[in-house]
Amino acid sequence: MKNKLRQIKENREKYRKLKEEELREKTKQLKERAKQESLEELMVEAYSNVWEGAARVLKLEAYDVQLIGAMVLNKGQIAEMKTGEGKSLVAAFASYLNALSGKGVHIVTVNDYLAKRDERWIGEVLRYLGLKTAVITNESSREERKKGYEADVTYITNSELGFDYLRDHMAWSKEEIVQREFNYCIIDEVDSILIDEARTPLIISGPTKGSEKPYKVAWEIGKRMKEGEDYELEEKSKQVILKEKGIKRCEEALEVKDIFSMETPWAHYVMNAIKAKHFYIKDVNYIIKEGEVVIVDEFTGRIMGGRRWADGLHQAIEAKEGVKIQEESETLASITYQNLFLLYPKLAGMTGTAKTEEEEFEQIYGLKVVSIPTHRKMKRKDYPDVVYRTSRSKWMAVAEECERMWTKGRPVLVGTTSIEKSELLARLLEEKGVKYKLLNARPSLAADEASIIAQAGKIGSITIATNMAGRGTDIILGGNIKEAFGEWIKERKKQVDIEEEWRKVLEGKADEESEKKYKQLKEEHEKEQKRVKQLGGLYVIGTERHESRRIDNQLRGRSGRQGDEGSSRFFISLEDDLLRIFGGGQMGEIMSRLGVEEPLESAFLSKSLDRAQKKVENYYYQMRKQLFEYDQVLNSQRKAIYKERTDILRSEEVGEWSKSYIRKEWPGGLLGIKRGMRNRSEVEISYDVKKMQMESVQAGLMNELERLLLLQQIDKSWSKHLKEMSLLREFIAWRGYAQRDPLVEYKNESYNLFIKMIEEIRQGYAYSLFRSQA
């Protein structure tokens, strides 16, 4: 890499002398050469071009470490780069190089705000060099999506990408398909998408006729059942295990013989009710908004509008809360992020925290993690954890620490794990008269997320935020001049393009008043930044160790960006979830036996905390690995069905498919022919008769009817199959208690279900075709 870096730096000097049109011409030449040469051979010239483009358009000079990061991305690896090291610019180099093939590049971000920001900001460099860029958001129309995927570089969120993939495989005509074949993808915050969200499948569902009654009945039974007597809980995996007494109690209450029957799966309803009772807590896992249960993302703390828990769990929570129970949805299509991103021939990622999960990235995705050194030396001090015996004493200590810092004027960012806890701290600070900004999933607060986080580095700023809220937005010591200028310009002009006004200011092309305001803000910012640095920079307080050291490191990483001063400390208690579930009881015993005063700092406790956290990390890794193993079974079936469906959709003539399906499921009974008389000529004759009938009405009608009925039958049977696979997955775990390997059982039974589905598709299609009337 050092040799390549030296070549790029030497070559870049030539590019300084080139005119804008000459840089664009370079892009055209490189595109032509990409047809014959490898991207590795084009890298030196491509990266030199982007470097010069960024210097001219954004006034940004790339650092050596950014160029190294870009080389890592081009290799199809993960570049671990700390907060504030300029990952967005790094992606510009690798995306430009890989776009030269003409096959398209996707840059995937965690939210629409970041996708729009990067396409507008970094995308300007790519457009300057002659590439086409596009952004696809939640609001994009089908036409905009289609055009967006045709661009050289497309900025998009992981969920939009996944749902477009699923919708394309439910399309009824070629014109409805928006995506082209996947080529190269760079995932920003790759750990958030490929690890934190790996357990949550993307689901497209449709309403199904169902009754509210089973959920209400199951809730009434579930809330009266007793833990330990009727059921046991596996808190780590959020699983419910019904005991013999509990099963009998359910069967008596419901007056059924077997609650595990596939025909009347009452066990499914009751276990969901018990899960809703114990594991899904209001203002932690969800909020009630306008009479609806709305999910709160456990990793980002944001509400997930439009998303619902699958398999009847959402309805169970609605029954618990006494709100309107919405119709249970029928899964029409689904895919996990694990399998979605494995569809790319070449995949890369960026994040500030990946090294702790490098085994998982390597094992599941085949992605190597490469740590990129920081441009400036890290100055942040990470202090040892302070441990309290009770949660109450911990929160009092956090509030006191915030008050102490607020009095000094030092900015503080406090990370909490839920809405409930963020509001608890807010109340404690109010009692002390400490001013703060609160950021959590409540809609009234979430709207200002980016601006609140951007100004969290100002003097006297106390910001309480759930989990990873504001990730992707830099916290600049002394505040963010751009945000402050944006607020001022909005007050001055009602209809204003802030990005355009900001660009004019940077280029010295703004009006006199704007130039004057910018100068004033810059002077104020420099003074404030100096003062904040003297106070020690941003102080990050963690209020709970997370299930992964990586998430703790993300919170710490909000401080000390680009060599800034800063510090972090975690305040934790033995009542926190991590310690309670994975070993807090043992430490509580030791502390009470030793009669230790609160609070406590010790090497022994820190090691115990690390051990507990590693245990959790390994536990969840094994869960994700198991999910991946099970999902591979469904994934191979999905690939087969989607290939068949796509081939039918894209084919000009579908007659051969039609005949193939009919031969295997000849519905002779419909024509008064005995089953035993089936032969090839009968099939051909009957098919030709049907075709003549249809063609006599309209030329090409038979072909379109066949296509429609084939797609219809595939979709109907696939949706039914997904439901059966979901039930099988839920009940198969019980085989483990009978000393049988659940995964082997799942593979065997899912194969039988798949064969049954194929037969249903053929049979259903054959009958539909011969029953159809012109």
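Placement of Cβ uses the backbone N, Cα and C atoms for every residue, glycine included.
It should be emphasised that the depicted structure is a prediction, and the values quoted were computed from it without experimental measurement.
Positions annotated as ATP binding site by Swiss-Prot: Q66, G84, E85, G86, K87, S88, D474. Residues within less than 8 Å, Cβ to Cβ, of E85 (ATP binding site) and separated from it by at least 6 positions along the same chain comprise V65, Q66, G69, G352, I372, T374, H375, Q562. In the three-state DSSP assignment, the secondary structure recorded for E85 (ATP binding site) is coil.
By the criterion of other Cβ atoms within 10 Å of the residue's own Cβ, the least surrounded of the binding-site residues Q66, S88 is S88. Same-chain neighbours of the ATP site beyond Q66, G84, E85, G86, K87, S88, D474, judged by a C-beta within 8 angstroms of the site's C-beta center, are, in sequence order, M81, T83, L89, V90.
When secondary structure is read from DSSP and collapsed to three states, D474 (ATP binding site) falls in the coil class. Each of the binding-site residues G84, G86, K87, D474 was scored by the other Cβ atoms within 10 Å of its Cβ; the lowest score goes to D474.
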